[in-house]
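The block underneath contains the structure these notes are about, expressed in structure tokens.
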């Protein structure tokens with residue numbers, strides 16, 4: 001505990017925050033218009049892929065009087081799928097500039113442009129007989145997802161009081177999963193996943209963006225952004241009054257003032273400066289491990305293998321899409337369960353339990369895939385493994401990193417940290433999508449042993465390095481990491497912040 005100077009008033013006890021209507025509605029508006037987009041567009045092209053390929057082929061035939069060969073079709077479809085994470089990588093690199101210049105809420109509002117324009121283009125692509133519009137739109141939608149995947153957790157984490165930060169923060173992943181699930185439902189052949197309905201299926205991505213444009217302007221900007229980066233304590237106080245539903249906010253304001261003083265001392269960190277700074281070494285490594293572990297632990301491989309596992313268990317190909325919807329229900333239920341438990345059990349317990357379940361499921365699934373031809377009954381165990389893996393990933397590795405990555409950085413470094421975090425997320429997403437088919441072809445079922453090993457290593461890192469952040473302020477978490485980084489934080493001076501935004505040295509003002 002730090003020694004206080006003589007005459008320093010005792011710390012102001014914080015008042016436990018409650019989920020006020022303004023905070024709830026702001027969370028729903030922000031998450032539905034942003035995270036939902038990510039999940040919906042991640043999944044919407046998967047089930048009806050044969051319908052899209054047929055449109056590509058018909059369009060090509062009308063232009064060239066011949067159908068595409070297999071290699072060209074594979075190339076075009078690979079571009080359709082893989083352009084989304086590449087666009088996400090670009091969006092993650094843009095987000096740092098946007099969140100500082102336009103604010104967290106302003107960034108989310110501007111980002112809707114990258115959803116509405118592609119929705120229109122994809123909606124008219126059939127009439128225009130231009131499959132290129134779909135490929136281009138997937139890139140732009142990736143940019144939208146890349147921006148929202150970083151800006152949304154930042155906004156929600158800065159809106160919520162510390163005792164609700166975990167639950168509110170997991171809403172990012174909850175709405176991603178809801179987006180995935182509704183895309184699975186709408187893309188069923190009986191609904192919109194057919195030759196007549198697919199333009200509407202793709203254009204629906206514009207609806208959440210329009211709803212966010214109509215609702216989010218009525219909710220406050222992040223009070224931490226207003227006070228720490230804009231120096232506007234009056235606006236921050238007004239926002240807190242609306243978000244908390246009471247006027248007893250001095251403890252929270254003082255915590256923000258402490259962060260503001262830290263930002264004035266450090267300046268606004270660039271990505272390069274962040275990577276070189278000893279005082280943030282373990283925080284930076286932690287978000288890299290969390291985001292890489294999330295993608296490299298096998299979730300995309302499980303999805304890739306799922307239909308094969310269902311078929312081997314006797315599920316007809318025409319019915320496998322409904323089993324996929326069932327796995328989506330498990331995904332939603334367990335992600336919501338995580339949101340309920342994260343403030344009771346803490347972040348570490350959910351992460352460790354999730355990786356433990358995922359690693360165990362991967363090991364058992366390896367055995368199932370190797371021996372199911374000899375023992376047909378094992379194929380049913382394969383379905384259980386898929387559902388168990390999805391449940392494990394949904395309770396920890398999927399939702400909790402969105403909370404932790406906001407909590408372990410102060411305002412001065414959060415922008416740069418989220419750029420690194422987003423880049424790792426999208427790069428590993430792309431790498432797995434690109435390399436897994438080759439790995440699977442080379443070693444088959446043994447590929448899941450690799451994923452089990454990654455789950456184990458990630459869990460060990462979490463157990464050894466990442467502290468429990470439940471119920472702690474950003475400043476308190478920063479002090480915990482300062483001890484691990486073996487740096488001494490400067491004594492906080494009792495001073496009020498000046499009006500106006502904090503200044504930074506020229507070397508620290510750029511995004512990179």
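Each residue, glycine too, has its Cβ placed from N, Cα and C.
If you look up Swiss-Prot, you'll see 294, 295, 300, 331 marked as D-glucose binding site, on the strength of similarity to another entry. Marked as region 'Disordered' by Swiss-Prot: 491-512. Swiss-Prot lists 1-21, 100-107, 160-172, 220-281, 343-350, 401-415, 467-512 with the feature topological domain 'Cytoplasmic'. Among the features that Swiss-Prot reports, topological domain 'Extracellular' is placed at 43-78, 129-138, 194-198, 303-321, 372-379, 437-445. The transmembrane segment annotation in Swiss-Prot covers 22-42, 79-99, 108-128, 139-159, 173-193, 199-219, 282-302, 322-342, 351-371, 380-400, 416-436, 446-466.
Annotated features, which come from Swiss-Prot, shown on the structure.
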residue : record                 : contacts (Cβ under 8 Å, 6+ apart)
294     : D-glucose binding site : 397, 398, 401, 425, 428
295     : D-glucose binding site : 425, 428, 429, 432
300     : D-glucose binding site : 429, 432, 433, 436
331     : D-glucose binding site : 177, 180, 181, 390, 391, 394
Positions on the same chain near the transmembrane segment (22-42), where near means CB under 8 A and six or more residues out: 84, 105, 108, 111-112, 115, 138, 141-142, 144-145, 148-149, 151-152, 155-156, 159-160, 164, 168, 171-183, 204-205, 208-209, 211-213, 215-216, 219-220, 242-245
Most Cβ pairs under 8 Å with the transmembrane segment (79-99), selected from 108-128, 139-159, 351-371, 380-400, 416-436: 139-159
Other residues, Cβ within 8 Å of 294, 295, 300, 331 Cβ centroid (D-glucose site): 297, 299, 393, 397, 398, 429
Stretch-level contact, the transmembrane segment (380-400) and the transmembrane segment (416-436), CB cutoff 8 A, at least 3 pairs: no
Long-range neighbours of the transmembrane segment (282-302), counting only residues six or more past its ends (CB under 8 A): 274-275, 355, 358-359, 362, 386, 389-390, 393, 397-398, 401, 404-405, 408-409, 413, 417, 420-421, 424-425, 428-429, 432-433, 436, 440, 447-448, 451-452, 454-455, 457-458, 461-462, 465-466, 481, 484-485
The transmembrane segment (416-436) in contact with the transmembrane segment (139-159), cutoff 8 A, at least 3 CB pairs, sep 6+: yes
Chain residues outside the transmembrane segment (199-219) and at least six past its termini with a C-beta under 8 angstroms from it: 22, 25-26, 29-30, 32-34, 36-37, 40-41, 44, 48, 105, 108-109, 112, 115-116, 118-120, 122-127, 134, 137, 141, 186-187, 192-193
Remote residues contacting the transmembrane segment (108-128) - C-beta distance under 8 A, at least 6 residues beyond either end: 30, 33-34, 37, 55, 91, 98, 102, 134, 136-138, 140-141, 143-144, 147-148, 151-152, 155, 198-200, 202-210, 212-213, 216-217
Contact check, the transmembrane segment (351-371) vs the transmembrane segment (446-466), 3+ Cβ pairs under 8 Å, seq sep 6+: yes
Winner by Cβ pairs under 8 Å against the transmembrane segment (173-193), considering only 139-159, 322-342, 446-466: 322-342
Farthest-apart CA atoms of 294, 295, 300, 331, residues recorded for D-glucose, distance in Å: 16
The topological domain 'Extracellular' (129-138), counted residue by residue under DSSP: helix, strand, coil: 7 helix, 0 strand, 3 coil
